[in-house]
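**Q** Pasting the relevant annotations from Swiss-Prot:
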MOD_RES   4  N6,N6,N6-trimethyllysine
BINDING   113, 163, 167, 285, 317, 369  substrate binding site
ACT_SITE  165  active site, proton acceptor
BINDING   191, 193, 194  Mg(2+) binding site
MOD_RES   191  N6-carboxylysine
ACT_SITE  284  active site, proton acceptor
SITE      324  site 'Transition state stabilizer'
């Protein structure tokens, strides 16, 4: 027959330490924890094999293709500092293994069956280098940062948002009322909670109508362009597009999608619809912590963020560094840059394993949301800079005088921080002082400062290098 049947070590075929990576290869950095007795080279090679062309035994049909052309290769392995039995395995995948413009297909290969592999105790995808040749097959974000600013006519400051709470249980009319109060008070955006879809207490069409009414009323009063993220996420792609179409017919500026629970295929379809029809697209990352929170297994959020930029979204939630949800500062800033910038240098101190060139794919605005309030404003302004959306749910609606004064307090705090920064003051050191000064002439801000002066969410971050 002319082929050698039987099982042979993966490392004989898939571990190639002298391989020179190509500009068109997709490169992956995996954190591998092998089972006791499995050498790291074999574990790394097994990952490369099982996520590309390999299977557990030699097969006759191997002779009908060119393994050299199509196989994934583990080209470098390094131990993880401070961990006994963990290694970073670098794998290069030939471009031809992937369907153009499909995040779904890319993930099915790279993070598919290989994560259940018995020879590994745990496996985590830490980073991906997407080559320009592959980036160019994606539309990416429907509009991007600059186009969004032009649509909204807002420059030189972060944008302000608020998630409407209680997240479930309000009727459509009361929901619209809450939206109106927040927007009238000075916020740029309000947001459907990620789990608001179309439930018995509030069907989607009613919510869309009342929110649109609130939006137009607030715009007329304030003379500013306003938005409400209408969550189009649904049980089927057809229903999702139907909701997006209705949003477009109402003339609203932005819709929203839960990209992990909704899935990459649905998300990419919606992103294409949004670009074709002039809608901005806000992305919520519900379910991300299931995938990214374990340090030794899963997928790091920076990879999910890159995947979203390819699939398409104009905003994505990315942690706060200071609020109630997970996020270590340098690492968060690393993937915030991956979302916004066109070219990002490799920087291991921020968890960035590869240089990434997005070749003019539009950028995504990071959204800081979760347990933040007016006292955090100086830190948020400093950490995230102008190109971001700062979202205060409880930090707006929890104001003792109601939603509109809560919105006023946040807007005053933000404008004070931006002004102080532009005057050259140090927000990190003088932040509290800046907020106190501003609260002297804003009773709304003074009341907010009083309510939240003692609140802290301080735990050790899990997401360390």
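Going from the start of the chain as shown, residues are counted 1 onward.
Cβ atoms are placed via backbone N, Cα and C, with glycine included.
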**Q** Using a 10 Å radius around each Cβ and counting other Cβ atoms from all shown chains, which of the recorded positions 4, 167, 191, 285, 317 yields the largest count?
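**A** Most Cβ neighbours within 10 Å: 191.
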**Q** Inside 8 A of the center formed by the CB atoms of 191, 193, 194, which other residues of the chain have their CB, for the recorded Mg(2+) site?
**A** 163, 164, 167, 192, 195, 196, 229, 231, 256, 284
**Q** Among all protein chains shown, how many Cβ atoms are found within 10 Å of the Cβ of residue 113 (substrate binding site), not counting that one?
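**A** Other Cβ atoms within 10 Å of residue 113 (substrate binding site): 11.
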**Q** Tell me, how many other CB atoms lie within 10 A of the CB of residue 369 (substrate binding site), whichever protein chain they belong to?
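**A** Residue 369 (substrate binding site) is surrounded by 25 other Cβ atoms within 10 Å.
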**Q** Which of the recorded positions 163, 165, 284, 285, 317 has its Cα closest in space to the Cα of residue 191 (Mg(2+) binding site)?
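**A** The answer is 163.
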**Q** Within 10 Å of each Cβ, count the other Cβ atoms and name the one among the active-site residues 165, 284 with the highest count.
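**A** Answer by Cβ density within 10 Å: 284.
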**Q** Looking at the binding-site residues 193, 194, which sits with the largest number of other Cβ atoms within 10 Å of its Cβ?
**A** 194
**Q** In angstrom units, rounded to an integer, how far apart are the Cα atoms of residue 194 (Mg(2+) binding site) and residue 284 (active site, proton acceptor)?
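**A** Per the Cα atoms, residue 194 (Mg(2+) binding site) and residue 284 (active site, proton acceptor) stand 7 Å apart.
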**Q** Nearest by CA distance to residue 113 (substrate binding site): which of the recorded positions is it, out of 4, 165, 193?
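**A** It is 4, whose Cα lies nearest.
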**Q** Let me check the 10 A CB neighbour count of residue 163 (substrate binding site). How many other CB atoms are there?
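**A** Result for residue 163 (substrate binding site): 24 neighbouring Cβ atoms inside 10 Å.
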**Q** Can you tell me whether DSSP puts residue 193 (Mg(2+) binding site) in helix, strand or coil?
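**A** Assignment for residue 193 (Mg(2+) binding site) reads coil.
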**Q** Could you state the CA-to-CA distance between residue 284 (active site, proton acceptor) and residue 317 (substrate binding site) to the nearest Å?
**A** 6
**Q** What subset of the recorded positions 4, 163, 165, 167, 369 lies within 10 angstroms of residue 193 (Mg(2+) binding site), using C-alpha positions?
**A** 163, 165, 167
**Q** Do me a favour and check the Cα-Cα span between residue 369 (substrate binding site) and residue 165 (active site, proton acceptor); whole Å is fine.
**A** 13
**Q** Under DSSP, is residue 167 (substrate binding site) part of a helix or a strand, or is it coil?
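**A** Assignment for residue 167 (substrate binding site) reads coil.
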**Q** With H, G and I counted as helix, E and B as strand and the rest as coil, say where DSSP puts residue 284 (active site, proton acceptor).
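**A** Residue 284 (active site, proton acceptor) sits in a strand per DSSP.
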